[in-house]
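> Look at TrEMBL and you will find 12-30, 36-63, 84-112, 142-163, 175-196, 216-239, 251-277, 297-320, 341-360, 380-401, 421-441 tagged as transmembrane segment.
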Amino acid sequence: MDNQSQWKSSTGFILASAGSAIGLGAMWKFPYMAGIYGGGAFLIMFLLFTIIVGLPLLIMEFAVGKMGQTYTTRIYGKLTNKKWLNVIGWNGNLAVFILFGFYSVIGGWIIIYMVEVFQQLIGIKPPGLDHIKFEEVITDPALTIIGQGLFIFITMGIVMLGVEKGLEKASKIMMPLLFIFLIIIVAKSLTLEGAMSGLRYILEPRVKDISVKGTLFALGQSFFTLSLGTTGMITYASYASKEMTIKTSALSIVVMNIIVSLLAGLAIFPATEAFGFKPTDGPGLLFKVLPQVFNQMSLGSVFYFIFLILFLFAALTSSISLLELNVSNFTKNNNDHRKPVAIIASILVFLISIPATLSFGSLNGFRIFGLTLFDCMDFVVSNILMPLGALGTTLVVGQLLDKDALKVSFGKDRFNLFRPWYYLVKYILPLVIIIVFIMQLI
Ligand code: PFF
């Protein structure tokens, strides 16, 4: 029997899973991926994948968690009586482990930027935000390693103390605030010179710019932002009560994710040209462009500092779910071992995050198939492990689970959505994932 903790209300569940989903993926990764893979063309593919593939898969993961009510390296065996299928859970755990490794690099950048802006606010650094030099920050090994160490340490502290519930409550204020800040940044960006061409870049659906590579990365982006295929969402759903409504929860998370991704795109691209950056600038895009936008506002540094706090908060609610999954699996949901497991997992994540961070500096020349170590880790997770995990789960759900039991987990079905959802998961989505996967290998 598991010592399974439970949320008392479905609000707790929605807040936690929205917190897990909405993070660096929508705000940092979406604009940089869209910038590289054709702006509006990437956006169309991302929207299509998120709605047609992501939403049903998210409902599927919630259904599995709700039915299985246990940790994810056991849940597949428990539901199917085939223990070897727990390999899907282990695949997810591996994905999350590597993901946390490179996620913390970006979390570390946020912390470093906060310290830089704070120094400026108390007068140690000159006024304005021009003094923060992105290239200098990310290539400084000591600084970045300390930054990501702190990010992992804060995540570890929260998970060890089990104070996630407090954080979920705080997210009721922090998330709306983040929305408001994003809207303010969009408004400012749109008034800048050259804004219209940036706006066109991200919104114009230029079908001719859709590339095979862009399509693959758009699917990877949908998986990444919705935390799919890592079993992270299964873990959260397994903590939820049997009464929770999985369809509305999934829909609200998908909608919020799309809105935040769009706002991030609208905040960044109109400003990119105005300040002489290129959409293809890569992982540094947000960190280069936004300080310049805030620089144009009165009290810009103060607002930027508050924005960074909100951004860090969003990243932390995601990293917590990454560590939580490890803790849940390795303690088999037994809270007695929570602390040592959280500490050991964090130390291991810290160790693998070091080569990822150095790949922006001293290890930049070290490439695997032309990718830096950081990009390689991201590729392995977003384009291989996540789709594989989701594929495995669609096969389990479509081929092995009892349809009637699934229907119960699906919940009240006023609009008769169960059938189309079920056939999508059983026949179409596995095919889509396999096709995209094969295209990638070619
Ligand atoms: N969805 C998160 C983001 O977009 O930042 C990343 C993530 C969190 C992926 C948790 C997977 C996961 F289990």
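Just so you know, the numbers here start at 1 and follow the chain as drawn.
Glycine is treated like the rest: Cβ placed from N, Cα and C.
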> Most CB pairs under 8 Å with the transmembrane segment (142-163): which of 12-30, 251-277, 341-360?
341-360
> Where among 12-30, 84-112, 216-239, 297-320, 380-401 do we find the most Cβ pairs under 8 Å to the transmembrane segment (36-63)?
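Selected stretch: 216-239, with the most Cβ pairs under 8 Å.
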> Grab the same-chain neighbours of the transmembrane segment (341-360) for me: Cβ-Cβ under 8 Å, and only residues 6 or more beyond its ends, written as numbers and ranges.
97-98, 100-102, 104-105, 108, 138-139, 141, 144-145, 148-149, 152-153, 155-156, 159-160, 323, 326-327, 330-331, 366, 372-375, 377
> Applying the under-8 angstroms CB criterion, which one of 216-239, 251-277, 297-320, 380-401, 421-441 scores highest with the transmembrane segment (175-196)?
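By Cβ pairs under 8 Å, 251-277 leads among 216-239, 251-277, 297-320, 380-401, 421-441.
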> Need a quick answer: max count of Cβ pairs under 8 Å to the transmembrane segment (216-239), which of 12-30, 251-277, 297-320, 380-401 is it?
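Ranked by Cβ pairs under 8 Å, first place goes to 380-401.
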> Please identify the stretch among 251-277, 297-320, 421-441 with the greatest number of Cβ pairs below 8 Å relative to the transmembrane segment (380-401).
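Answer is 421-441, with the largest number of Cβ pairs below 8 Å.
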> Against which stretches of its own chain does the transmembrane segment (297-320) lie, if we need a Cβ under 8 Å and a gap of at least six residues from its ends?
16, 19-25, 27, 100, 103-104, 106-107, 110-111, 113-114, 117-118, 120-121, 127-129, 151-152, 154-155, 158-159, 164, 167-168, 170-171, 174-175, 177-178, 181, 184-185, 188, 227, 290-291
